[in-house]
Amino acid sequence: MSRTPLDTVEHAAATPDVELPWAELGLKKDEYERVVEILGRRPTGAELAMYSVMWSEHCSYKSSKVHLRQFGEKAPQSDALLVGIGENAGVVDVGQGYAVTFKVESHNHPSYVEPYQGAATGVGGIVRDIIAMGARPVAVVDPLRFGAADHPDTKRVLPGVVAGIGGYGNCLGLPNIGGEVVFDACYQGNPLVNAGAIGVMRHEDIHLAKASGAGNKVILYGARTGGDGIGGASILASETFDDAKPSKRPAVQVGDPFQEKLLIECTLEAFAEKLVVGIQDLGAAGLSCATSELASNGSGGMRVTLDDVPLRDSTLSPEEILMSESQERMCAVVEPEKVDRFLAICEKWDVIATVIGEVTDGDRLEIYWHGGKIVDVDPRTVAHDGPVYERPYARPEWQDALQADDANKLPRPSSSEELRDQVLKLVASPNQASKSWITSQYDHFVQGNTVLAQPEDSGMIRIDAESGLGVAIATDGNGRYAKLDPYAGAQLALSEAYRNVATTGAKPLAVSDCLNFGSPEDPAVMWQFAEAIRGLADACQQLGTPVTGGNVSLYNQTGEVAIHPTPVVAVLGVIDDVARRTPVAFQEEGQLLYLLGDTREEFGGSAWSQVVHDHLGGLPPQVDLERERLLGEILISASRDGMIDAAHDLSDGGLIQAVVESALLGGKGARLVVPDGLDAFTFLFSESAGRAVVAVPRSEELRFNDMCGARGLPVTRIGVVDGDSVEVQGEFTLPLAELRKAHEETIPALLA
């Protein structure tokens, strides 16, 4: 893109007729014309580079912003929320002076192009968001979705993604404590690689992304800037995949976790010495984002000299330097008298650091190269005033037919033997089978503070050794439910994550989300998106869990075929003492099994309908958010007061899936009795929401029943922990050994 002579601001003003490649950079004609209108002239090549990446779908949220406003407009009152939407990550108060920051992001398209690096840099990016808030990262989670488990391309993509996540996180010394792995043909050619991270700090250590104080220095530190990731935000993250297009591999970033580890320690030491006024990590859009966001969020302007940026490749043009998404880089604003100390800390940690500019008392972002001014813009127009589209949306014509194709009318097992066979088939199916072949590649217990990790209902980390204070996090989403009804599907995702946190004994506090959808240019996809946002915002309001931030990933489709709408929801909770946590595994024989909540004939989008009939149709389970909240309160109280020794939420696969998982984890069987008013099939396979199964010591039975009765929660005794099999009275008996073989051999057989 570089031209001779240098395309300075002065040169651009004098050459209005020069044609710039705006379309190649992802801008629409009207967007380019708006840039010209803002500047009062044509942009320079460097300015065009900045606007193109910052006005991309990935960075500007131009198609989603009009809907995302609901998260603010409907936000519930929360005393816990310290920093909300708009910063690098949300921050919540968890008590005892501690604050926790958490966020979920996506790295979907890069992970298909280059699975290992795409996934690894996804972890690196979300961890830097956490550091930028002032926190020490303490854990990561990874909700993943791939195409059909037996498809050859899944065998190409999944091992690389898993190795990238594990390799990067393990090198950072961060435990991987949660996530999901889901297989569905709709993700063929468009896997979803979502990554989340948690960080811990004291309240007074919170940092924000803003540049203030004229004369303060802008320091770029971390890795050298190279040619990797150029245009990643505008090319990879903001377009539909098309196999006919040229290779997009150069747009995938390359990660170095050891450099990131040094960056973490260096940054935290600078924070501890109060050296930093403002800070921004360099992720999507690189320096274009860091400089424009710091300048627009502060009280002044900024002047930057690109010649001072340390380069890995000396042939890079100024446009490429501004667009590069090379990893492991951060930008700090530091008072002049503290610069030497900041640079000394960087040198101690072997981190390259350079003063590249300073905060000015104006309101312009000016960038220089070889003595010429190549950028002169109002930073707000780059970072915040991009186009906002109210894209047309319409309920798709096929939605009615899809919902009318009722899963409740599918053929059901006609004998006990057939029921038994379908249970085995369910627990051995790729989505319900053990993912230990995958999760064993992650370190769950590094740092020594992990209390719960996969395959528990939520991951849990101790953050204060003396008091036992801890936090739990769960991520959930069900694209099949959302395809049937995106409003309900988003609420079901939140409900399940909320429930998964509560079953461990933690109180849900706040939400982050990763919203994965197809092309916003398709009115049917935009309808799905609008409905999902509306559903999630309404549900967060009712459950009292504000959305603290998150990510939108659009254009998740290959050609004309979009993925299922897949809102992934992360819920963070707090527990006063991790010693009182409740695990999934059955603990002792003789304990009584209770089912909490109502069971109805709800099979739309269910695991049973998929595994047995390869069917998707009907309506997803009903959502009762008041009941969900009540269930959560009872689970938390029962855990805190020692009334239950095990708890497991009921979701995909229904009761039988939950009981089998608890039995296999604890190495103890269960004898179940079908309650009056239910048939065995509905009892075992229904996916009604707002339910959990708990193991109650006999000494606590009366107290537990009294509490549930007093609060109005339906509770049904369904069996006992006993023996070395799962028995459904009058129907079948399945030895744990047979269940374990079915549950644990599927994934290695497909992928190893």
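Including glycine, each Cβ sits where the backbone N, Cα and C put it.
Cross-referencing Arg128, Arg341 with the substrate binding residues that Swiss-Prot gives (Ser106, His107, Asn108, His109, Gln253, Glu325, Ser326, Gln327, Ser553) picks out Arg128. For the ATP site, Swiss-Prot records Tyr61, Asp513, Gly550, and the single candidate of Lys28, Lys103, Lys435 listed with them is Lys103. According to its DSSP assignment, Gln327 (substrate binding site) is coil. Put simply, of the binding-site residues Tyr61, Asp129, Asp513, Asn551, the one whose Cα is nearest the Cα of Ser106 (substrate binding site) is Asn551. Here the candidates are the binding-site residues Lys103, Arg128, Asp281, Glu325, Asn551, and by Cα distance the one nearest His58 (active site) turns out to be Asn551. Fewest other C-beta atoms within 10 angstroms, among the recorded positions Lys103, His107, Glu325, are seen around Lys103.
The two recorded residues Asn551 (Mg(2+) 1 binding site) and Arg128 (substrate binding site) have their Cα atoms spaced 15 Å from each other.
Among the binding-site residues listed (Arg128, Asp129, Gln327), Asp129 has its Cα nearest to the Cα of Asp513 (ATP binding site).
Classification of His107 (active site, proton acceptor) by DSSP places it in coil, neither helical nor stranded. Taken over all pairs of the listed ATP-binding residues (Tyr61, Lys103, Asp513, Gly550), the Cα spread reaches a maximum of 17 Å, rounded to the nearest whole number.
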